[in-house]
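**Q** One structure is given below, represented as structure tokens, and several questions about it will come after.
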Amino acid sequence: MAGLHQSEFDNPVIRWIDTRLPVFTMMQKEYGVFPTPKNFNYFWNFGALAMVVLIIMIVTGIFLAMNYQPNADLAFASVQHIMRDVNYGWLLRYTHQNGASMFFIVTYIHIFRGLYYGSYKSPRELLWMLGVVILIIMMATAFMGYVLPWGQMSYWGATVITNLFSAFPVVGSKIVTLLWGGFSVDNPTLNRFFALHYLLPFVLVGVIFLHVAALHITGSNNPLGIDVKSPQDTLPFHPYYTIKDSVGIGVFLTIFAIFIFFAPNYLGDPNNFIQANPMQTPADIVPEWYFLPFYAILRSVPDKLLGVCLMFGSLIIMFFLPWLDTSKVRSCRFRPLYRPTLFVWVLACLVLGACGAHKPEGIWVTLSRIGTLYYFAQFLVIMPILGKLERPLPLPESISHPVVGPRGGGPLPTGAAAKPMEKA
Amino acid sequence: MAKLRTLLAGAFAATLLAAPLAVPLAAPAFAQDEATMPNESWSFENPFGTFDLAAAQRGLQIYGQVCSNCHSLKFLHYRDLAGIGLTPEQIKAFAAQFTVPLGLDDQGNPKEGPALPASEFRSPYPNATAAAAVFNGAVPPDLSVMVNAREGGPNYVYGILTGFVNAPAGFKLQPGQYYNTMYPGHRIAMPPPLQDGTVQYTDGTKATLHQEAHDVVTFLAWAANPEMVERKQMGVRIVLFLIFMTGLTYAVKRKVWANVEH
């Protein structure tokens, strides 16, 4: 039976709306009193940071689209028009351009947080998988966005990446023709990439909504990786985490602003200041920094199809982590053997990033092969085996009664007992 | 210990953050085998640097008398010259020297006339094909964003302008090619554009090659980044504001969390 919602708000206007559409009750439940583990560290800021960047990207993007021309003859000049003639156009564009890099930095740290503290494990598998979907959509969006300024690297990057699909047998060349809207990267390609670049962020919003919805069903993981046992373990989201997230947002925006105002092209490629020229290939085609590890995986093997499969596989494999990891213990704090391997995996990603920036010659080929091997071994070999072999450290009884482990260090005289009851 | 752990975590995050930043630095400039990048001192390079307007105006004179014979500056309008300190009258007078297309007349015929401040900078050739026909297939590139479009930026452009020397013995050059230490492969189709005394500066500055190259690069750096001064000034205010707000937020956070055992 349908019925009016019993609103607890006193303000008559809010109450009137809330009885008919309880959005205020929902916000209060999900972001006001929402019980959140009280032991988050600052790694738990990065989801909120990613949300902030997404909003910044959508807002700046909409205003850029009002002044941009998705036409192969006009695109490059229209970007210069934005930079020179549109009021604060340079600010919009540099924010959007550097925002892409910031989005990836924040998201990669967010993913690392999930890996380190085991946030992908039961019951958060679906939450994690939605996150992987978000990452893939983000990458597609960023790739197509980079094509829009129609510089040399836009054009040749698009040519190289779209050509990857031709590696697939039978359907490969058909897919490529479909992506291009013709027989080379040209005006139709730019048109469809612009349309998709405008569309995908809103798809992203939808998937992120599901990601957050799933989060609010399972509840957040925490640095100890143990379940919330009692209300003492949690704090209401507001004001504790709204203010903690605000600190992170302040630090993040400061770093972001330093890039925008003082080094706006530091992360960019000089070649993209040259208008796309199909007759002239740049000396070295490199993607943006955030794709470099994947680019290195792609080029680590001499076979095109295998390289493409490895590259896509490096993302697809993320979907299976909840089942590849056989350990019941979530947080790396209690996994003395697995913990260092995860750091080596991060190192492998960084090495792959460096490999992606260099021509695949000499030492870089060897390094990218070792990096690729370790990238996959981490998930396919180390994760399943270590989970069985490893003897995890004793887990704390609960978040509010943390056991002092060998690394936890020192006596905790004031202990958790002195803590006042939290109503949540 | 918990502090130490937080510190470690922070250091780790910083590494993650810094590593991608280091990559572009680590990437070698492949093409520039033996050439060393000049390391000139530029008025606009540090975080608070502005354009040396006198140098930029001298650079405009060089662009007008030398570069503009072959190179376009098509993303600029004459009105933009206010950015290097020209008055509206000076801009009007400067623009009026150039004959540019001015749309159609009442009969629908293309019309030409002296450029207005709102006109785009006149391009020496109507299109790339016309330029290629004149220069043996080598199109003189547009200079609007040249300083941003090369690894090394202003130093690279300076290096090209001052890098013309006689080819070493045995180095083969085709007709119409010149030897340049900075240029990748050293075979450049541009004849040496500047020598000592190529221009007679209106402000009396001695026109050495170094001075001319320095001035025109300053002008081109402005042309490529006309928003730079406004950007940096706004940046200082915004970053200071953000640091202040972050500090304030952190103080509030400490206050809110003061009674929580965590």
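Every residue, even glycine, has its Cβ placed from backbone N, Cα and C.
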**Q** According to TrEMBL, B:C67, B:C70, B:H71 bind heme c; which one of B:M182, B:M190, B:M228 is listed for that same site?
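**A** Only hit among B:M182, B:M190, B:M228 in TrEMBL's heme c site, alongside B:C67, B:C70, B:H71: B:M190.
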**Q** So if I measure Cβ to Cβ from B:C67 (heme c binding site) and keep only same-chain residues at least 6 apart in sequence, which ones fall under 8 Å?
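**A** B:L143, B:P193, B:V216 - these are the non-local Cβ neighbours of B:C67 (heme c binding site), listed in sequence order.
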**Q** An 8 Å radius from the center of the B:C67, B:C70, B:H71, B:M190 Cβ atoms defines the neighbourhood of the heme c site; name the other residues of that chain inside it, in order.
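**A** The answer, listed by sequence position, is B:V66, B:S68, B:N69, B:P140, B:L143, B:P193.
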**Q** Going along the chain, which residues six or more apart from B:H71 (heme c binding site) have their CB under 8 A from its CB?
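**A** In sequence order, the residues whose Cβ lies under 8 Å from that of B:H71 (heme c binding site) (at least 6 apart) are B:Y63, B:P124, B:P140, B:P141, B:D142, B:L143.
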**Q** DSSP on B:C67 (heme c binding site), three-state: which is it?
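**A** Looking at the DSSP assignment, B:C67 (heme c binding site) belongs to a helix.
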**Q** Averaged over the domain 'Cytochrome c' (B:54-206), what pLDDT does the prediction give?
**A** 94
